[in-house]
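Student: Please read through the structure below; I'll follow up with questions.
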Amino acid sequence: MGEGGYRQINKTLNVCAFDDYLVTQQSRLPKLLDIEQLSPRVLRVLGQNAGKFTLQGTNTYIVGTGQHRLIIDTAQGYREWADLIDVTLSNRSISLSHVFLTHWHGDHTGGVPDLIRMYPHLADGIYKNSPEQGQHPIEEGQIFKVEGATIRAVHGPGHSHDHMCFVLEEENAMFTGDNVLGHGTSAVEQLGLYMDTLRKLQAQGCRTGYPAHGAVIPDLNLKIATELAQKTRREKQCLAALGRIRKERPTGQLASVTVGELIDVVHGTRVNEEVRKMALEPFMEEVLRKLAEDGKVAFRVRKGVKTWFALT
C-alpha cells in the first residue's frame, strides 16, 4: 500500500478526495535515484514504495565509512528494497551492525523481517524508542558510533509518540524522519507537541536535513522556520474567524460554532463535501485542540454537539 504509515496515522482521511491534487503534486517531485551516495558518510536507498503520501518512497540511509555501518529505517517491506540492500552491501563489501527505526509506522518498519532473514545477526541489532519485544530502546541524547559516524538521538514526538531523529555530528546534519519532509508537510498526531518538537529540532542547529521522504533538505533551519510559520498562520486564521463570528453575534450571546461552521467561515461553503468531512474537519479540530491547550479557545457540548468559542 503506497500510502504507508500515513494511512495508519490518518485513519479518517480518505485519500481519494485528494487524488487530483496528489497526482499533480507527485508529478512535480524531483526524481531520486534508487541508490545514491549523498555524502562520504551517507548512502540513500529508496524503499520502492512511492505513493501519494510516501512521495518518492521511504528513504533508508546507510551511515558510516567503514566495513560495519548502521541503517536508519527499513521502508515498507517490499522485496525490491531488500534486493537493493543486498546488492548495495555486496557491491561495497560492507555490512550492517545496527538498525535504527525512527518510529512505528509501517513504511519505516516493514523491512525489518527481510533484514533479519538476510542477515540473522541483526535480530539483536534493532533499536527503537518504545521498542517492541526483542528490540533495544533508544533514549534522548543516546550516542551511537560506527567508523566515520557519530549519531546522537533526539526524541521528537508529535508526528508519532515514539518518533526519534538522529544528529550526524560529523556533518552537522540531522535524519529528520517524518517530522520534516523533503517536500510538503507531515501529518501529525498532536499539533502542539509537534510544534514544540520542531522548535527543539531547530535548536540543534543542524545545517542539512536527511528526511524520511523526499530530497535532501539543504537548509534545515529555513525549512523548519517555514513549517512553523505555516502552522502559526493556520492558528491565527482560526482565531480571526472565531473573532469575526463573535462580532456578528448579538451582545451577550456566546459565539460558539461547530467545526463545520468554522470551516464555512474560513474556507467558504463551496468546499467539496468529502474534502470537508475527511480532511478539513479533522485538521481544524486538531488546530482547535492546540489552541485550547494554549488557553485561547474552549468548547462546550450541548445535546451531543460540540461547539467552540474564543477566550481572548
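Cβ coordinates are placed from backbone N, Cα and C, and glycine is handled just like the others.
On a predicted model such as this, the values are computed, not experimentally measured, just so you know.
Per Swiss-Prot, the feature active site, proton donor/acceptor maps to D107; the stated evidence is sequence analysis. The feature Zn(2+) 1 binding site is assigned by Swiss-Prot to H103, H105. Per Swiss-Prot, the feature Zn(2+) 2 binding site maps to D107, H108.
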Student: Looking only at H103, H105, H108, which of these binding-site residues has the biggest number of Cβ atoms within 10 Å around its Cβ?
Tutor: H108
Student: Let me know how many other Cβ atoms fall within 10 Å of the Cβ of the residue listed as 'active site, proton donor/acceptor'.
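Tutor: Excluding its own Cβ, the residue listed as 'active site, proton donor/acceptor' sees 30 Cβ atoms within 10 Å.
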Student: Work out the three-state DSSP category of H105 (Zn(2+) 1 binding site).
Tutor: coil
